Amino acid sequence: MALSNNVIGAINFVAMLLSIPVIGAGIWLASEQDNSCVKILQWPVIILGILILLVALLGFVGGFWRVPWLLVVYLIGMLVLIVLLVCLVVFVYMVTNRGSGHVEPSRAYLEYRLDDFSGWLRRRVQRSYKWDRIRSCLSSTSMCAELNQSYRMAQDFFNAHLTPLQSGCCKPPTKCGYTFVNPTYWISPIDNTADMDCLQWSNDQTQLCYSCDSCKAGLLANLRREWRRADIVLLLTLVALISVYLIGCCAFRNAKTEDLFRKYKQGYT
């Protein structure tokens, strides 16, 4: 039984290590500009990672110090956390399954449309009171000002591979027909009614296209790209965690079987 308990303790030490990628994914999301403005996914991921760490610590202590009730708590708690992690991985995949960009003629960057994204994501940015806070956060960053320092000529800018946020928020939509002066200053066409976003554009450097649907779509495209990267980390961690959990269940069962044999042998003798 001591050997099986030591195996359980060692396995739960591995489970403690597996909490690091989950916590790290949450911290990485929190460090990104767009996620820091929206604050949707990073805290659930971080909290889930911390819970995995704490439950694995209970299993580690219960294994090495032979505390059966801690092992039971570990087995139940880790099963619940694995189910939650499965739900999170599936949820992130489902809400990020749509939302690719659109190619425009003579442009290297892509354009983004709000209707291309899942309804759940759209609802995170469509309500005015939510978007006002997000817009204020985005406009305080330097992502648009950096474009003026990097691109002086129109053709250089048109050949640039902009981030979805820069494409959606820092310039007017291509279909509006604005004339380039610099990346964040454009001359309005005679008729700019091709799209409501054309009317929303402003050369005021604090306004730009932050009120445009294209900016909301660019934000969602950025979130989609980052969330899918985080989802891959969570999926790999989930597979490893399930493997560790199954090994731990087998070791716990063997420990209980050995304990029953030991008690039976002592009673027989």
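Just so you know, glycine gets a Cβ as well, placed from its N, Cα and C.
Taken verbatim from TrEMBL:
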- 6-31: transmembrane segment (TRANSMEM)
- 43-65: transmembrane segment (TRANSMEM)
- 71-95: transmembrane segment (TRANSMEM)
- 232-255: transmembrane segment (TRANSMEM)
| Same-chain residues at least 6 beyond the ends of the transmembrane segment (43-65) whose Cβ lies under 8 Å from its Cβ atoms | 5-13, 15-16, 18-27, 29-30, 71, 73-75, 77-78, 81, 84-85, 88, 230, 234, 241, 248
| task | Residue list, the transmembrane segment (6-31) vs rest of chain: Cβ under 8 Å, 6 or more residues beyond ends. | result | 41-50, 52-53, 55-64, 71, 74, 78, 85, 226-227, 230, 233-234, 236-237, 240-241, 244-245, 247-248, 251-252, 255
